[in-house]
Amino acid sequence: MSNQREPVPHRIAVLTCGHMGQADNWAIRHGGQTGIRLMENAATAVCDVTLARFPGVRVVHVLCGPGNNGGDGFAAARLLKEVGCDVRVWSLGEPRPESDAALAKAACSARFRPVADFTPEDGDVVIDALFGAGLTRRLPDVAIKALEKAVAARCRIIAVDLPSGVNGDSGINLGGAVGADETVTFFRKKPGHLLLPGRNLCGAITIADIGIPSRFFDIEKPMLFENGPDLWQKTFPRAKEDQHKYSRGHVAVFSGPRYATGAARLSAMAAQRAGAGAVTILGDAAALDIHAAHVTSIMLRETSHDDGLDELLRLKRCGACVLGPGFGNEGRARRLALGVLGEPPVLVLDADGITAFSDAPSELFEAARKPGQSRLILTPHAGEFARLFPDLADNGQLSKLGKALKAAERSSAVVVYKGSDTVIASPDGCAAINVNGTPSLATAGSGDVLAGLVAGFVCQGMPLWEAACAAVWVHGEAGRAAGGHAVAEDLVDVLRPFTRISSWRAA
Ligand SMILES: NC(=O)C1=CN([C@@H]2O[C@H](COP(=O)(O)OP(=O)(O)OC[C@H]3O[C@@H](n4cnc5c(N)ncnc54)[C@H](O)[C@@H]3O)[C@@H](O)[C@H]2O)[C@@H](O)CC1
Ligand SMILES: [K+]
């Protein structure tokens, strides 16, 4: 995490598999741990979850791979045997001699049978300890067949660290992963627990303390987080006694033309609900006539004589503006965006505003590249992301997280890479993965609401990345509250409780 940021509780940190390896090594070198002790602790957690989830379980199958994930499995098998379970261990390959996994295997008195012979019975409990953080390619066929047998027999599956086959850094199914009922992971979540499809394959996730001291984070500052109020509540806007409407913050939204005004209105209403004290829609006379028939407390300002930059700059204390929802005219969007980036208001560029730079994204990135804090927030969905960052979108080696981080670095913008697993990345290398999104957010106008929320939080003084993270989370909560078949107007209607700290603390 960068030094300028408010400290974040490290319990919501997410570790890449590489960082997790560093944490293991650090705990062994400096934290008074041994590898085998960490493994025993991991196995104890797996055993505890198994017994808690399936009290009275008799037959437990443990599928053990050749690495340390398998080592956790051997150690868990021993512990489950000690408490009287009928444990059947099916192994794939031999652990490296003298490794922790080899020690764990040696200490386990169960009979080891080849995983190819695995024969579960209906409803048995299976511990999947085939592969964890070390998997980088498709599962071996024999492992895939074993997991398929477990599914066919309707076994209850507990995955150790990750469902085997899921890449811990990207959440991608490398081939052969099946859904677990429970996943027990260690120390902190990995990106693969949060990114799709990994998240959906994990089932319920338990994070077990395996004895890695949390002072590890004094040395390795966390840069990656699961999104939620803990990440940004210190900078979340709070009502103050002496506020007036402009000191609370003023948002401007650029309107589309006469027959495309709704998107700007959704953004404007969301900015109000985020707590902006004043919101102005800027548009031509024909568009404003339509807005005037719909809005009451939102102000309207005509932009007849130029692109609208002059009118924007004349607005009192405008801290953020939204450009793109329903906007249309690409040439004007480009001119306006480049103009705004030379001025104080933060620019939230969405939808048509992003598409306007498809042919020359570097023009936008150059304009955004300034010393100090970023002044640009981009909110692309996958299609728009591919228009601005085609090479990143096509790069099969990069996870969604990796793509968002590289995009943020390149564009000097906070990038909100939307989807069911929205990633919010900052140019300084911090990123958050959001998990409270729901299918009900996949509706026309939902993105306009999100852009308005982002601007609404920014105009009240939240730092840009934190504002974007807060907006994505609030948007997700609203989606849940609005329920199935919600339309974007419903999202605006249910926003209010989630934009006040007192309400979401109680929730
Ligand atoms: N001291 C530690 O490092 C700890 C590790 N832990 C466990 O260790 C796991 C990571 O262990 P490893 O790094 O050994 O990784 P894995 O156990 O996931 O597997 C890696 C092994 O499998 C091989 N392999 C990878 N992909 C393969 C494929 N497709 N086909 C055949 N072989 C393949 C690798 O060459 C390596 O030998 C974690 O997921 C966690 O379960 C825990 O015990 C906590 C402590
Ligand atoms: K596993």
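Using the three backbone atoms N, Cα and C, a Cβ is placed for every residue, glycine included.
Keep in mind that TrEMBL annotations are predicted by a computer and have not been checked by a curator.
TrEMBL names ASN69, SER164 for binding K(+). Of ASP122, ASP124, ASP128, ASP209, the residue it gives for the same site is ASP128.
The annotation in TrEMBL ties LYS418, GLY419, SER420, ASP421, THR422 to AMP, and of the candidates under consideration, GLY445, GLY447, GLY452, GLY456, the one tied to the same site is GLY447. Among the binding-site residues THR136, SER420, THR422, the residue whose Cβ has the fewest other Cβ atoms within 10 Å is THR136. By the rule that a residue counts when its Cβ sits under 6 Å from some atom of ligand 1, the binding-site residues ASN68, ASN69, ALA133, ASP161, SER420 yield ASN68, ASN69, ALA133, ASP161. Taking a C-beta cut-off of under 8 angstroms and a sequence separation of 6 or more, ASN69 (K(+) binding site) has the following same-chain neighbours: ALA129, LEU130, PHE131, GLY132, ALA133, GLY134, VAL160, ASP161, SER164. Highlighted in sequence order, LEU63, GLY65, GLY70, GLY73, ALA129, LEU130, PHE131, GLY132, ALA159, VAL160, ASP161, LEU162, PRO163, GLY165 have their Cβ within 8 Å of the centre of the Cβ atoms of ASN69, ASP128, SER164, the residues recorded for K(+), and are not part of that set. Sequence-distant contacts of GLY419 (AMP binding site), defined by Cβ-Cβ distance under 8 angstroms and a gap of at least six in the same chain, are LEU196, HIS381, ALA382, LYS400, GLY437. Each of the binding-site residues ASP128, ASP161, ASP421 was scored by how many other Cβ atoms lie within 10 Å of its Cβ, and the smallest score goes to ASP421.
When the C-alpha distances from ASP128 (K(+) binding site) to the binding-site residues THR136, LYS418, SER420, ASP421, THR422 are tabulated, the minimum falls on THR136.
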